[in-house]
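Novice: The structure that follows is given in the form of structure tokens.
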Amino acid sequence: MKLVDEAEILVTAGNGGNGCVGFRREKFIPLGGPDGGDGGAGGSVWIVADENVNTLVDFRHERTFKAQRGENGMGRQAYGKGGEDRIIVVPVGTVVINVQTDEVIGDLTRHGDRLLVAKGGKGGLGNMHFKSSVNRAPRQATTGEEGEERLLKLELKLLADVGLLGFPNAGKSTLIRAVSSATPKVADYPFTTLYPNLGVVSVEAYRSFVIADVPGLIEGAADGAGLGTQFLRHLQRTRLLLHLVDISPALGVYGEGGVDGVSPADQVRTIERELERHDPELLKKPRWLVLNKADLMFEDEARAAAESIVAELGWTAPWYLVSALGRDGTFPIMKDVMAFFDRQREDELDARNAG
């Protein structure tokens, strides 16, 4: 299924029912007092996260959501029935934004998370509330309040532990196929990946993590070149980034206005510049360098090229030389990633215990 990760919807809560003007009409009580009941409250609109939903595609067909209006009050102090709430189901990882204010209303990161996005109006008061010593037969009641209305933007941010960065054709999709059961499209031309892909990497029994492959970046992506940076939001929740670089000398032309024959070190610098322009927080995440396509060179040449790239960059974080296509060197990376997460959990536990 095609991933749709943005949608705009209009939500409208139900109005409250009106209060009733009524009087007791019983035998032998000719001057019965007021008995008009209150109107029912309008229904509210809720957004609920469901782990069984994977995309926002349904919102391309239905963009308006209304809750039920409250019923009017009636005589004999009968209250109107409250309107039914409207429930909107979204994938886990959805961020809800108020379009008018650009404020983030909520971030639904767990199955079953609920968010009130439009509150129903209160019911109006019946005339029984307006009886006084000077007004024994009030003909006054109030109308119900209007329900809230909001224009909302829904943004889906995939929940992945590891994110893959790199130029188009760096081999990100090949790597995710090699280490997980995901089957993204793989071909020898740029921008094969048009939408994010998720894969689950199992290192040992009951020990796994989720890895995300997003479309590649090129120079000028922050200005919309190539596929732009619209998919980078899916890397914001990751705990580790793997930066893939094609070290083979036969570099292709990466799209109109793209890069022709850029050195591997300059590929890394270009991605870093685009991240700095679009989302500097991503640069603060732990990032490991994965030098891919070693199978296109002799082993000694590949090792020498990798060491030269690392030296040119002054790279101090972990780095790896792999062939994603041949799966050479991919499993050690995944083992190291799992060990990295284990250390993170231990550090977090120690910090909580110390506090």
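In case you wondered, yes, glycine gets a Cβ from its N, Cα and C as well.
Here the structure is a predicted model, which means the values were calculated and not measured.
Straight out of Swiss-Prot:
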type	residues	note
DOMAIN	1-159	domain 'Obg'
DOMAIN	160-342	domain 'OBG-type G'
BINDING	166-173, 191-195, 213-216, 292-295, 323-325	GTP binding site
BINDING	Ser173, Thr193	Mg(2+) binding site
Novice: Counting only other Cβ atoms and using a 10 Å cut-off, which of the binding-site residues Lys172, Lys293 scores lowest?
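Specialist: Each of the binding-site residues Lys172, Lys293 was scored by Cβ atoms within 10 Å; lowest is Lys293.
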Novice: Fewest other CB within 10 angstroms, which one of the binding-site residues Asn169, Ser173, Ser323?
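Specialist: Lowest Cβ count within 10 Å among the binding-site residues (Asn169, Ser173, Ser323) is Ser323.
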Novice: How many neighbouring Cβ atoms, not counting its own, are there within 10 Å of the Cβ of Gly166 (GTP binding site)?
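Specialist: Result for Gly166 (GTP binding site): 24 other Cβ atoms within 10 Å.
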Novice: Please work out the number of neighbouring Cβ atoms within 10 Å of the Cβ of Pro215 (GTP binding site), leaving out its own Cβ.
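Specialist: For Pro215 (GTP binding site), the 10 Å Cβ neighbour count is 24.
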Novice: Using Cα coordinates, what distance in whole Å links Pro215 (GTP binding site) and Ser173 (Mg(2+) binding site)?
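Specialist: Rounded to the nearest whole number, the Cα-Cα distance is 9 Å.
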Novice: For Gly166 (GTP binding site) and Ser173 (Mg(2+) binding site), determine the Cα separation and express it in whole Å.
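Specialist: Roughly 11 Å, rounded to the nearest whole number.
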Novice: What's the CA to CA span in angstrom from Lys293 (GTP binding site) over to Ser173 (Mg(2+) binding site)?
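Specialist: If we compare the Cα positions of Lys293 (GTP binding site) and Ser173 (Mg(2+) binding site), the gap is 13 Å.
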Novice: How long is the line from the C-alpha of Ser173 (Mg(2+) binding site) to the C-alpha of Ser323 (GTP binding site), rounded to the nearest angstrom?
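Specialist: Answer for this pair: 12 Å between alpha carbons.
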